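To start, the structure itself, in structure tokens.
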Amino acid sequence: MILLISDLHLQEERPDISRAFLDLLDGRARHAKALYILGDFFEAWIGDDAMTPFQQSICQAMRRLSDSGTAIYLMHGNRDFLIGQAFCDAAGCTLLSDPSVIELGGEQVLLMHGDTLCTRDLGYMKMRRLLRNPLSLWILRHLPLSARYKLARKLRSESRTQVRMKSTEIVDVTPEEVPKVMAAHGVRTLVHGHTHRPAIHKLVVDGQPARRIVLGDWDRRGWALQVDEQGFQLAPFEFS
């Protein structure tokens, strides 16, 4: 069994989500061969050198799962792209490139966070290119902690404002982009998060039937994609 989740947006202000994640680590994930976390794991991350006690507790719980035999793979999201190798080493997880192709359920599957599919959101795409270039990343990681905290708060505030102002079509994936990206990677299944619109979409790629599986965000309930001998099963679960 393989589990895939995304968009937990872990933060101290939402202990219900944190407890649900810890329950997953101590429960279903213990029986999984691997756990994939496809971005926006934390609501914000300003650097491995600035871990709070809350974030350290999450890291330690992940390490326990990893030590028990479940492999953990973590992909950057738009909220936590400053997660680095130091955190991954401590948590016992592998940092996964976005995009990545893996073998899943007997086929090659493309994994993405999903934000790069939203090409109609021109303002966001411009900001992403700016923040993700190597020079910007180096500068961000070397800013004083106070400056990083201030910048993180500013970006989160602006992000919420922009999402409210923009149409749902703009902040969703661009329909034409999906088959193009899937064809470029030679896959018929894509799994991503980011949009907070869990669903399984059918489409055609290079004349062949294909599917796009969108993971759900954790808010009032959690979401997980389970892949086993029964196939691909996307389902919500209630927080205990």
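Counting starts with 1 at the first residue shown.
Glycine residues also receive a Cβ, built from the backbone N, Cα and C atoms like all the rest.
Residues annotated as Mn(2+) 1 binding site in Swiss-Prot: Asp7, His9, Asp40, His196. Long-range neighbours of His9 (Mn(2+) 1 binding site) (same chain, six or more residues apart, CB within less than 8 Å of its CB): Ile17, Asp40, Phe42, Glu43, Arg79, Asp217, Trp218.
A coil conformation is recorded for His113 (Mn(2+) 2 binding site) in the three-state DSSP classification, outside any helix or strand. Residues or ranges marked as Mn(2+) 2 binding site in Swiss-Prot: Asp40, Asn78, His113, His194.
A sphere of 10 angstroms centred on the C-beta of Ser159 (substrate binding site) encloses 14 other C-beta atoms. For Asn78, Arg79, Asp121, Ser159, Lys166, His194, the entry in Swiss-Prot reads substrate binding site.
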Sorted by sequence, non-Asp7, His9, Asp40, His196 residues with Cβ within 8 Å of centre, Mn(2+) 1: Ser6, Leu8, Gly39, Gly77, Arg79, Gly193, His194, Asp217, Trp218
Other C-beta atoms that fall within 10 angstroms of the C-beta of His196 (Mn(2+) 1 binding site): 20
Asp40, Asn78, His113, His194 excluded, remaining Cβ within 8 Å of their centroid (Mn(2+) 2): Ser6, Asp7, Leu38, Gly39, His76, Gly77, Arg79, Gly114, Asp115, Gly193
Residue from Asn78, His113, Asp121, Ser159 whose C-alpha is spatially nearest that of His196 (Mn(2+) 1 binding site), among the binding-site residues: His113
